[in-house]
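Colleague: Okay, so TrEMBL annotates it like this:
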DOMAIN    68-426  domain 'Peptidase A1'
ACT_SITE  Asp86  active site
ACT_SITE  Asp295  active site
Amino acid sequence: MKTCYNSNSFSIPFIKSLSFLLFYAAFFSSSSSSQTPTLVLPLKTQIIPTGSIPRPPNKLPFHHNVSLTVSLTVGTPPQNVSMVIDTGSELSWLHCNKTPNFPTTFDPARSTSYSPIPCSSPTCTTQTQDFPIPASCDNNKLCHATLSYADASSSEGNLASDTFYFGSSDIPGMVFGCMDSSFSSNSDEDSKSTGLMGMNRGSLSFVSQMRFPKFSYCISGSDFSGLLLLGEANFSWLTPLNYTPLIQISTPLPYFDRVAYTVQLEGIKVSDKLLSLPKSVFVPDHTGAGQTMVDSGTQFTFLLGPVYTALRNEFLNRTAGILRVLEDPNFVFQGAMDLCYLVPLNQPKLPRLPTVTLMFRGAEMTVSGDWILYRVPGQVRGSDSVHCLTFGNSDLLGVEAFVIGHHHQQNVWMEYDLEKSRIGLAQMRCDLAGQRFSVGQ
């Protein structure tokens, strides 16, 4: 997720070394129990070389290296754009100012259907209430939005509306941010997209404006192909889902994101052993700190300090004699992952590793095999590659929450049921699910 971060919310940004691209070749299919058409988007990947991007001083070291993007057209006449899909953000936005860092932009002057939103509009005065930073009024009396993310990137500009096109369908009056100022902690990767598509539960998110009852995605664990599905998914071949309810708190709290997809994490198992942790460590405190968010825009999973330490210690004990630990206190992958191993370059596969099971209320997610460790691109120590545990420490990021990233959602059908306020999940071969719709072929 491109996580917004300030006094009352945060969202963890684009992840980018492999860049997921959702090329729009959509079609409609009807589910057996609903007349609402279901929109299916094929998921493919693009390899982007990892480079060294200079970082400004005093900024969080965290950044992402994988992002999910969808290609569509906006405006009249239509302009091609690509937008990062982020379930951790509300406001969809496009770069509207051509700069060296962001050559791919949307030009509002070329669109006859473009309409800026005045700050007196109810859209500005009431529907922006869940923005991490309150909307303001600029010198032209237009609604102004400022977004700040946990990777130290930021964007600001005016709210506007225009027509968005999906295949043969057009959606007039879609509200989005037309951003004319941006700073990115990883501008080389951010320049690959035109903006961001907010998919959380806020009133101005893409799914809220489109009024989809639910949406799903399934990412293949073999080649990252798969699909995004907007609408119902009542297909006979779909594996029965286990559901976990979304946690909602009506009272505003300083560290609780009320429009995030928040679930209740209740425990963690390493293989067959339940970590000895009090239930209270998984429950948000009186400030809202400690919520558990499911996020499509974050690559890995991040746990609060005490939980991360317990997992790290148990995993370390169980891999003693199996893997060699990287003894380098100065190396912390992505600023939050400090348990790394040395694996011989000539070793074709990893040894059998312990599984890690995230136990939610009513559902579980088990991480096993190659998804437990991640080979760090470009890191070689002598004749060894570097592999790090794919769980990080939220405390090292300055983030007061548990975040479930999409690396651990591979080969899991993920359904966001907005009508019944729940998330469904089930293990599935996502490459085969894509073949059912003839996508990713």
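Keep in mind that glycine also has a Cβ here, set from the backbone N, Cα and C atoms.
In TrEMBL, annotation is done automatically, which means it is predicted and not curated.
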Colleague: Between Asp295 (active site) and Asp86 (active site), how far is it from one CA atom to the other, in Å?
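Modeller: Checking the Cα atoms of Asp295 (active site) and Asp86 (active site) gives a distance of 7 Å.
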Colleague: Within 10 Å of the Cβ of Asp295 (active site), how many other Cβ atoms can be counted across all chains shown?
Modeller: 28
Colleague: In the predicted model, what is the mean pLDDT computed over the domain 'Peptidase A1' (68-426)?
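Modeller: A mean pLDDT of 89 is what the predicted model shows over the domain 'Peptidase A1' (68-426).
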